[in-house]
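So the structure is just underneath, and the comments pick up after that.
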Amino acid sequence: MPRRTDIKKVLLIGSGPIQIGQAAEFDFSGSQACKSLREEGIEVVLVNSNPATIQTDPETADTIYIEPLRASIIAKIIEKEKPDGILSGMGGQTGLNLTAELAELGALRNVEILGTPLEAIYQGEDREKFKALMQKIGEPVPRSMILNRLDQLGEVIEKVGLPVIIRPAYTLGGAGGGIAHTVDELKRIVEIGLQRSRIHQVLIEESVMGWKELEFEVMRDAKDTCVIICSMENVDPMGVHTGESVVVAPILTLRDDEYQMMRSASIKIIRALDVQGGCNIQFAFQDGDYRVIEVNPRVSRSSALASKATGYPIARVAAKIAIGMHLDEITNAVTGCTPASFEPSIDYVVVKVPRWPFDKFTRADRTLTTAMKSTGEVMAIGRTLEEGFKKALRSIDTDINTHTNHNEIRMILTSPTDERFGCIFDAFREGFTVDEIASLTSINPFFLHKMENIVKIERTLATEPTDLRIQEAAAAGFSMKEIAELTGRPVDEVRTAAGDPVYKMVDTCAAEFPATTPYYYSTHGVTTDIIQNDKKKVLILGSGPIRIGQGIEFDYCTVHAVKALREEGVEVHIVNNNPETVSTDFDTSDQLFFEPMQLEDVVNILKTDDYFGVMVQFGGQNAVNLALPLLQEIKKLGLPTAILGSSPDAMDIAEDRDRFSELLDALKIPSPPNSSAYSEEAALAMANKIGFPVLVRPSYVLGGRAMEIVHDNFELESYMKEAMRVSKSHPVLIDSFLQEAIELDVDAVCDGDEVLIGGIMEHIEEAGVHSGDSACVIPTQSLSDSVLARVREYTKKIAMGLGVVGLVNIQLAVKDDIVYVLEANPRASRTVPFVSKATGIPLAKVAAKVMIGKKLKDLGYKERTFRHVAVKEVLLPFNKLPGVDTVLGPEMKSTGEVMGIDYDFGRAYYKACISADNELPIEGNVFISVSTEQKEEVRRIAAQLRDLGLTLFGTKGTVETLMQAGIEANLVRKVQEGSPNVIDMVRKGEIRLIINTPVDKQSRLDHYQIMRAAVDYGIPYITTLQAARAAALAIDAIKREKITLEPISHYLSEVE
């Protein structure tokens, strides 16, 4: 049937900040859904707390609220906007949970849940109901028991036995779950799982570890038409969360009759659940037998992968189904001529590999279980599985350690960690057999034989470096650089022997029909599908997998650059390998290349056409690092392509501390005393000359990797080893650390003649906390007009001095009324989306236009003033990564961000804290423990909290300090002093807020245990006095005045 005419206005709930288990895939699906609904003339109201999303752009939805994703707040938005329907399945687990909560609140009495009905959500998410439904329709599930209380553990052990898998209901990325082999492990995981579950329910399930894990992505409409979009197979067996596993599409290890059995089961399950839209179904399979593991009655991480793997726009189709359309009425937008009821067909192999944050968190537990730890993923496409594996490993952009010790290899293979996939290749190099590795890993021998083939090719290249062998290696996904190293032949000679790659098309139909929105992958030995034209073309380098320090913000900038260039009539191509993002959606660019982001891959694309230019400044640090080598290759090959925007030399000046210091001296701009060193000895000499404490950091790295504040020679010696390791060919930078300074960020655009300042952000955290981890506010709250005038002056001088064309981010610090410049980055920064949303200036779009020759004076933008206050706060991943130090410092740890907006700082900060899952209490008990040097300052904060009606608790030193000032506080034991202590109070739910600022080693040890408890039990915690001061202001504001609930357009309409 045609779309329903009674649905005129739809509310879509976004997924909030990027976090482990819920990344950019929901911006991709939500944006696609908004576009799909508006194509049908439906008004879309969107609510999301994440400013770094395309879906919160003014052109994506009709009305946009950047507000905390809380049922009570969304209920008020529903009351105000009066939508006819709500679309819950595009916001991930967050969207589903909120829809269920809104229904339970009674907020959906006059609002229809579109697509998948509420009962299907309950049956898919509530473990007990799901198990009952599967048993009713005769589908096998693992032997299991539902738990709601800890005292049921004895019964579990009796009925299910050990080991078991624990799966909490209504949680994200397996959060709170795990595998228990002992009673103690079971008790610990269940306690946290019950806490994390929205309905305090966990499923205890018999272990099917070692079985194959299979996934089917299914689509169904109201007419009961079902299509299988994609089948996927995890290389890692059951026991590793699918988000943590290497995944292959399509399924390659089942016989046809087995595949048809699983296909039929998938359709039977989606029909029983009455899902209308997309649905992901996971199975365990072994020797012709299977178990249904779980169902996601929504678009998911796997949906994004299936969508990109096949070219089938799952979210677009699901949104149209939600408003009553049938699959045979919906046109496949990729082909433009086939209906969405045609099942996709693919003639290639897709490989997904997760990206883990262990390069940042070296002390974290690296074991892979049923709870997610990865931050992002890459996707590679090849004609063979070998080619897919090799291209995926090149895409992942992380150091892969080599192992030669056989005992070490056996240990890694037996216990799954992030190192296991790479270590399998080491095992083959060391002579292990397929059977040995299969018995250690339970990985299907089919995959192991393919991996063994790759190692055999390596050996053949070394012993027989002929042109034929080189061509075979190129077809198997080996890079030219790798082949050159293995053969001992020069790279240029290898390239000539291998020949240039060709590009094949992803079109949903194995080339049966022509595609109108093509995207491509490279391979060797076949004909190319690329069709050239005479249009002016630009290639934009994407940002690759989401990782700490390089998140969705850079994809946001990439998409904005595409839109800006297309507005100017330029044909835009993107190269990226992240299946979760909007930039890799089928219709974002004119052409998309799903490729590794290495130099030779980018150069190969440039050789396919006469590109006018290539843009590197929107893809984050990794893309910027390619600027100089890319320029050299372009010159060497005589390509007609320019690096658009700021020159590679300008980028080098900004990264090279000596050159940048010379520029600041020439411009008469103050900077902290600093130097650079290539050795430990030189670093010690420089640090002693500058004076401790100093900030040590490698150059040309992202997110403050290996950055530390060091206080003496001993600490410096330790940290230099890590700094030299991550930045081998570049100097280590040493800066005097400005204690108690106020840190600032400025985002600006320069066209070579003029500078547009987008926004000046004041950090809420102290100097020394990485800018990516600090909350910040626009406009600034504590700086004088004279200081801000100097900030503007220095920004303009540096932009002009560097010769910036495009974006520039400048970090500054203010101490004793002196403005110091810390660093400049002539590229997109992670704060660009926040500044753009807070001010209404689309900085990335402006920058892209400037980079192709437009002038700021003609574009009509100027720095703006406004009545509202916007606060950016970060989301930290400590609840997903046991073992990580929770103290904030100069190395970035956050995964995502949120924005709070209101008419004063207190309410804006309160909203930001709620959005970041750090809900500040307006009543109850507060625990405070600070260092001796901070006692004076904490008195003022404690007095304010007391006056606001909160009850204070603290350790001995802090309590004595407060009592001396006449502030009543209750004494609590330190952790090492035994029970009862603050951790016991946290477990009992007696503490509502923790303020703990550790300094020495013992207080850090206490702090870690306290923060770990806070994370596990969902208690807000604060680790700096600046944030504590801001929290007190927020609690004060929220007790005096209600938060404002207005769309972002309302605030921006008042901008001057």
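For all residues, glycine too, the Cβ spot is worked out from N, Cα and C.
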Which of ARG697, ARG790, ARG792 belongs with SER736, LEU738, GLU743, GLY768, VAL769, HIS770, SER771, GLN811, GLU823 in the ATP 2 site listed by Swiss-Prot:
ARG697
CB within-chain contacts under 8 A for GLY768 (ATP 2 binding site), separation at least 6:
LEU695, ILE709, PHE737, GLN739, GLY889, PRO890
With H, G and I counted as helix, E and B as strand and the rest as coil, say where DSSP puts GLU823 (Mg(2+) 3 binding site).
strand
Might you list, by sequence position, any residue in that chain lying six or more from GLU294 (Mn(2+) 1 binding site) with a Cβ less than 8 Å away from its Cβ?
GLY124, PHE130, ARG167, ILE281, GLN282
Given a separation of at least six residues and a C-beta threshold under 8 Å, show me what packs close to GLU206 (ATP 1 binding site) in the same chain.
PRO142, ARG143, SER144, VAL160, GLY161, VAL164, ILE165
Quick check for the class: what is the C-alpha distance, in angstrom and rounded, between LEU738 (ATP 2 binding site) and GLU823 (Mg(2+) 3 binding site)?
14
For ARG697 (ATP 2 binding site) and VAL240 (ATP 1 binding site), what Cα-Cα distance in Å is obtained after rounding to a whole number?
35
Nearest-integer angstrom distance between the alpha carbons (Cα) of HIS770 (ATP 2 binding site) and ASN296 (Mn(2+) 2 binding site):
36
Over the domain 'ATP-grasp 2' (661-852), what is the model's average pLDDT?
89
Might you list, by sequence position, any residue in that chain lying six or more from ASN825 (Mn(2+) 4 binding site) with a Cβ less than 8 Å away from its Cβ?
ALA654, VAL808, ASN809, ILE810
Binding-site residues compared (ASN296, GLN811) - the one with the fewest other Cβ atoms within 10 Å:
GLN811
Any idea of the Cα spread of the ATP 2 site, ARG697, SER736, LEU738, GLU743, GLY768, VAL769, HIS770, SER771, GLN811, GLU823, as a max distance in Å?
17
Please list, in sequence order, the residues in the chain of ARG127 (ATP 1 binding site) that are at least six apart in sequence and whose C-beta is under 8 Å away from its C-beta.
SER144, ILE146, ARG167, ALA169, GLN201, VAL202, LEU203
